[in-house]
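Database features, via TrEMBL:
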- 12-32: transmembrane segment (TRANSMEM)
- 19-450: domain 'Major facilitator superfamily (MFS) profile' (DOMAIN)
- 74-92: transmembrane segment (TRANSMEM)
- 104-123: transmembrane segment (TRANSMEM)
- 162-180: transmembrane segment (TRANSMEM)
- 192-213: transmembrane segment (TRANSMEM)
- 294-314: transmembrane segment (TRANSMEM)
- 326-346: transmembrane segment (TRANSMEM)
- 358-378: transmembrane segment (TRANSMEM)
- 398-418: transmembrane segment (TRANSMEM)
- 425-446: transmembrane segment (TRANSMEM)
Amino acid sequence: MVTEKNVFPSKLTAYAVICWILAAFGGLMFGYDIGISGGVTGMDDFLIKFFPKVHERKLHATEDNYCKYDDQKLQLFTSSLYLAALIFSFVASKMCENFGRKPTILVASVFFLAGAGLSGGAQNIAMLIVGRIFLGVGVGFGNEAVPLFLSEIAPVHRRGAVNILFQLFVTIGILIANLVNYGTSKMYPNRWRVSLGLASVPAAVLFIGSIFITETPTSLLENGKEEEGYAALKKIRGVSNVDDEFKQIKNACVVAQQVKNPFRSLMKRSIHGNQRYYVLCPVLFETVGFKNDASLLSSVITGTVNVLSTLVSIYAVDRIGRRKLLLQACIQMFICMITIGFLLRLELTATGSLTKPIAALIVVLVCLFVMSFAWSWGPLGWLIPSETFPVETRAAGFAFAVSTNMLFTFIIAQAFLSMMCHMRAYIFFFFAAWILVMSVFVVFLLPETKNVPIDLIAQRVWSQHPVWRRFMD
């Protein structure tokens, strides 16, 4: 296969690497928001101030292990972020298309800063939820723009690894959040304020970084800035001979200019064929019998596994390919979910607790699940949609990918604690069934996009797939 590494010259420049890292702080912000909520919702001082009924239920001598966190308002605190992200990912799509990836990342950082301030300084539940919604708007803008930015700025032979920097920083954000939650566990009664307020630190880095980074050449050409696009491409590639790559990007943008409504174009039969976890560990570990500090420490362990396993994906994705990573992970995740389900079904009663060996085995199984997810579905869930669509529908198509991700994350965040209360151990069999569905999807519907230039994927991949070629002119 002819790859861009052979056709388009490039060097690894310090400026390009800095741009990748600064933009990827959008992922760190998202990860911190995911990780911090799981720990905060287990803090007694947080529950006493905002969710006293949950705190009373938690302290009750005969509490139900599966139901002690079942509270719709508590779940709304977590899930409101994802609902806001779902809605505003479409707004971010239009901003990406009309103004560029760089200003969209800047807007994300502003909302992150506002959300961190409101959350850390919250005096009532309304202020707390509004802060969470502001963070969700930032997630909607950041998760739309950052993966597109990374895919467009990277050379094809490094595109997978560079894009996965987003997910790597998500996992680093989760780990930092777990460390913060553990480190503030003795800072009663304002530890939750410190945990929530510290989100302003990565938000500030993202704000400064969004001013420093370049706009992507594709975005500049989309907006008629041809000379600036050519200069940006030379700067990030570190070579002067970028004419062939620039011509390919320019041709793709010329085609894109013919599309007036990208969202409508997504539904059309065309040459491009466009019809195509993090569970709250502290809550889970407290459910199976860990005390608060031990559950936070266990989350730090799984968070560390998450980061290290994402590094495996960065190394392997452009060597092994997307499909093999996804299918291997499906097998490992399925075994883990089934085993955890059987262990909890046999060993955990409503008011009892697990023995230490069984509890330790649960932690190991969760780590194995996180490990496989972190080198596959976690990062590739952002990479594959960001490289699938042609220029004319890339922002709009990726908005659907982001919003779908946020929709199902919202559903799980809002329903998981209630589902665990009613389904008990069987909830893990429920998730195992969906893993089977995911594996069937990969086998029959997902082609390999490794080492294919981003603007040639439709021609070289989708038009040759036995299923998707039927939807292409």
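Quick reminder: no glycine exception, Cβ is built from N, Cα and C everywhere.
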Find the member of 74-92, 104-123, 162-180, 294-314, 398-418 that has more C-beta pairs under 8 Å to the transmembrane segment (12-32) than any other listed stretch.
162-180
Restricting to CB pairs under 8 Å, which listed stretch, 326-346, 398-418, 425-446, is in contact most with the transmembrane segment (358-378)?
326-346
Is the transmembrane segment (74-92) in contact with the transmembrane segment (398-418), using at least 3 Cβ pairs under 8 Å (sequence separation of 6 or more) as the test?
yes
Sort out for me which stretch, of 74-92, 104-123, 294-314, 326-346, has the most Cβ pairs below 8 angstroms to the transmembrane segment (162-180).
294-314
Rank 192-213, 294-314, 326-346, 425-446 by Cβ pairs under 8 Å to the transmembrane segment (104-123) and hand me the top one.
192-213
